[in-house]
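What TrEMBL records for this protein:
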{"type": "BINDING", "residues": "Ser7, His65, Gly141, Phe142, Ala143, Gly144", "note": "substrate binding site"}
{"type": "BINDING", "residues": "His32, Asp34, His65, Asp174", "note": "divalent metal cation binding site"}
{"type": "ACT_SITE", "residues": "Asp34", "note": "active site, proton acceptor"}
{"type": "ACT_SITE", "residues": "Asp174", "note": "active site, proton donor"}
Amino acid sequence: MTMIGPSLMCADMGNLKRDVQELDQAGVDFFHIDIMDGSFVPNFTMGPDMVNVIRAATDKPLDIHLMIMRPEEHINLFADAGADMISVHIESTIHLQRVLQTIKSKGIKAGVALNPSTPIESIEYVMDVIDYVTLMTVNPGFAGQKFIPTMYNKIKKLHQLIEKESYNILIQVDGNIGYETIPKVLENGAKMLVCGTSSLFKSKGSLHDAVIHLRQFIEGTAKVKTGD
Ligand code: DX5
Ligand code: ZN
């Protein structure tokens, strides 16, 4: 089943609890929380205190996307703040396998995030320890960017590798995931959609209606694919 994960960096920071509760009640599957340090990416977002606010507002899984240098130094902070899933960028740490083991040792789902130019082959030797892969489909750091077209094939290639080796790994896509890009990312094997300004946080209408409309669109796309 395709999972919808609002990207909370796009939410109304002055009404974060309200937005989270509205999205939760509308039926989203998880919450995607981008953590940025102004060093790994040229932007800042929120920290563990905001994660605590979100944790208190929902029981849905919190997916922490660490876009920070040396993520291994901060796993405890986000684990204690209530993370259910933590992804780290392969480009941000020297000892990827070790930090993934640390995340798993805390009973938290472990993910690896790949920048657009980072090849799939780079995670070959950690596929046995991860639960999901976050494929950046824009350059990380800012909402509102354009999908990078070569990422369609990257999704397909990762999906083929997962299928071939029978790994139990989900593909998450992050960046300009909206009505124009969803059909093809689903067709190529994506399962977890990070939904920001391209799909949920648009200027008009309620968040509730945006979720319902997006879910209907996704289900309609699936029907077309299976020919129902
Ligand atoms: C990129 C961000 C964005 C955001 C989604 O670093 O992670 O992808 O969550 O927002 P849109 O839909 O505007 O790309
Ligand atoms: Zn993200």
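Keep in mind that glycine also has a Cβ here, set from the backbone N, Cα and C atoms.
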Listed binding-site residues adjacent to ligand 2, that is, members of Asp34, His65, Phe142, Ala143, Gly144, Asp174 whose C-beta is under 6 A away: Asp34, His65, Asp174
Greatest C-beta neighbour count within 10 angstroms, which of the binding-site residues Asp34, Gly141, Ala143: Asp34
Additional residues surrounding divalent metal cation, by Cβ distance to the His32, Asp34, His65, Asp174 centre under 8 Å: Gly5, Ser7, Met9, Ile33, Asp63, Met67, Ser87, Ala113, Thr134, Val194
Listed binding-site residues adjacent to ligand 1, that is, members of Asp34, His65, Gly141 whose C-beta is under 6 A away: Asp34, Gly141
Distance from Gly141 (substrate binding site) back to Asp34 (divalent metal cation binding site), taken between C-alpha atoms, in Å: 9
Close binding-site residues near His32 (divalent metal cation binding site), where close means Cα within 10 Å, chosen from Ser7, Gly141, Ala143: Ser7
Greatest inter-residue Cα distance in Å for the substrate-binding set Ser7, His65, Gly141, Phe142, Ala143, Gly144: 17
DSSP-derived class (H/G/I helix, E/B strand, else coil) of Phe142 (substrate binding site): coil
Protein Cβ atoms within 10 Å of Gly144 (substrate binding site), excluding its own: 12
Rounded Cα separation (Å) that holds between Ala143 (substrate binding site) and Asp174 (divalent metal cation binding site): 10
Cβ neighbour count (within 10 Å, all chains shown) around Phe142 (substrate binding site): 16
Nonlocal neighbours by CB distance (under 8 Å) for Ser7 (substrate binding site), same chain, sequence gap 6 or more: His32, Asp34, Ala143, Asp174, Val194, Cys195, Gly196, Leu200, Phe201
Number of other Cβ atoms within 10 Å of the Cβ of His32 (divalent metal cation binding site) across all protein chains: 27
